[in-house]
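Heads up, the thing below is written out as structure tokens.
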Amino acid sequence: MIEKIVLFLLEQQGMLASRIEKLGKQRAILQEQPDISGIAELREAYREVGVDLIKLLKFVDLNATGIRKILKKFDKRFGYRFTDYYVTSRSNHPYSQLQQVFKHVGVGAVVGALSRNLAELQEHQGSYLSIYDQPSAALKDPIIDMINSSVDKLTRSTNFLRFLGQHALILDEESPSTAGEEEIEDQKYHFMSLMLNLVNTFLYMVNTYIIVPTADDYSVSLGAASTVCGVVIGSMAVAQIFSSVYFSAWSNKSYFKPLIFSSIVLFLGNVCYAIAYDMNSLTVLIAGRLLCGMGSARAVNRRYISDCVPARIRMQASAGFVSASALGMACGPALAGLLQWKFKIYMVTFNQATLPGWVMAVAWLLYLVWLSISFKEPNRATEVNDATQNPASGQRVDIGQLENGLAQPLLTDSENKQNGDEDEEIDDSEEASEDSRKPATSIGSAYRLLTPSVKVQLLIYFMLKYAMEILLSESSVITNHYFSWNTSAVAIFLAILGLTVLPVNAVVGTYISNMFEDRQLLMVSQITLLVGIIFSFKVTRTYSAVQYVASALITFVSAEVLEGVNLSLLSSVMSSRLSRGTYNGGLLSTEAGTLARVVADCTITAAGYLGVGKLLNITLLPSLVICATSIACTFLTYNSLF
């Protein structure tokens, strides 16, 4: 079967190469004797080759996908992980036919030759015509973009933008978009509405981390222990576990209304957080943070990007979502470090503990006004079928024809008849029927779609979020106890940690992920995180700031690398049924990470009853156990992590 595919592929490559060579000779003649009509004909001939090349790339992609699915079904049916052995033992062999299918050896040369000739012809076309017949700036031929898009999809190339965008776990459906669907996406897309969703993400992350440097002092001022800061910080995460579900469900009907509700609830939550000082009430303080968590609209932000942003810029929007989260995480503590004033207006106290609440309340109020004026609710009544009836005009390429491509079946009719019984049994798998392509309708059905390797990746995500939350939430208590750091010093420390997020992801996404497999990076980063946790323990009488800062950097940076690689791998292997609907992959990852934060913050408060001197080691011990467990699970499922 693979031999048949490869021989057909080689035959088509040779035909395309021959056509490009003949066109190259015509191009050389036209360069010596320019002719306007001849140039137009030559350009159109190149474009026809480009269309056939896209069909060929689609053929390769369909058959590579078919091979993967056959191997996957073999593993599922016989309970033996054969896929990894089969691919790794053959894909790099010098005589392997899989080189042609999975690495499209030879196709790259055809792609490069055609793209270069089309680009150069387009670039120099203006020199052959009158300035009145040709614009001063030559437009890029759309066929080149289509070729590059097809190659990118086939190779699954990794760069910083794609790597960063995958952190959002905004999954693409398996079926490609048609021209009509692209028109529908363009009708839904509204730039200012996208910006409002990204700003919502940024403000929420600022709101989450702005209280971290001062939460212990605030708790003490209300008569509680400093370690109660774990409950204060974690209250927001507790509410977010529930808010993520109802906001995700609400976004099925509207985006504007849940965003309005989110802004109002966050405004009220921050006001409660701020006035708790004058009311001398820890209950009001925690209630304010619970309200803030109930206003978490990150599920709406993700859903808007997934549903309303055109596919051609969805990766950029996803990267913007992740960048907004990272910047908010860094700006929160930095802003807290600046809010060091203390004054009273009437009976209301403004100090370093209450100012974060008042500042965020004002920020959410201004955002609410901006949202009410500028947000545009997308038209959900638009149907794809209506748009697809409109024929393409001009010289637009028939996308539907390209999607059909040269897609020859992997099995002949006689082979299909021979294997009919087997196909009927396999049809129970998730790719077999139309029903299996529908979104998950409950947490249970979503969980059943998770393979063992995906469950391990969610465990890893839980582990790294737990370790990061322990590090961040107890930082003010630990540094004050051992090093007598003030609020400003803690804020600077946390801001520096937050600012490492984007540079670290840039290095991993641009360079490291291109040199190593994701699963290799997954294992190495977990081991490095384990080293950082071990190095953080206090084992001697003295505990230096150098040891704490160094271990914190190792822990945080390795956790960031691990998060990027883990979510990038998750976005590639998670079921396509989790790409849309209420119970999507983004919601599952959010719930896993939020649950980790809740458990971590509760651990801090519980450990505080044994004394601040024992807090560090007691809270690090669960991190150590969970990290070691995730490493063991990764090792056991290593051959299935692809």
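Every residue, even glycine, has its Cβ placed from backbone N, Cα and C.
TrEMBL does not curate its annotations; it predicts them automatically.
Note that the structure is a prediction, hence the values are computed from the model and not measured.
For reference, TrEMBL has these:
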COMPBIAS  421-433  compositional bias 'Acidic residues'
DOMAIN    1-88  domain 'SPX'
REGION    410-439  region 'Disordered'
TRANSMEM  194-212  transmembrane segment
TRANSMEM  224-247  transmembrane segment
TRANSMEM  259-276  transmembrane segment
TRANSMEM  321-343  transmembrane segment
TRANSMEM  355-373  transmembrane segment
TRANSMEM  488-509  transmembrane segment
TRANSMEM  521-539  transmembrane segment
TRANSMEM  615-638  transmembrane segment
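Taking pairs at least six residues apart, the transmembrane segment (259-276) and the transmembrane segment (615-638) share fewer than three Cβ pairs below 8 Å and do not count as touching. Taken through DSSP, the domain 'SPX' (1-88) splits into 80 helix, 0 strand, 8 coil.
Among the recorded stretches 321-343, 521-539, 615-638, the one sharing the largest number of Cβ pairs closer than 8 Å with the transmembrane segment (488-509) is 321-343. Only pairs six or more apart in sequence are counted, and the transmembrane segment (355-373) with the transmembrane segment (321-343) gives three or more Cβ pairs under 8 Å, enough to call it a contact. Remote same-chain residues near the transmembrane segment (224-247) are listed as 207-208, 211-212, 215-218, 258, 262, 282, 285-286, 289-300, 443, 473-474, 476-477, 480, 582, 587, 590-591, 594-595, 597-598, 600-605, 607-609, 612, 615 (criterion: CB distance under 8 Å, separation of at least six residues from the stretch ends).
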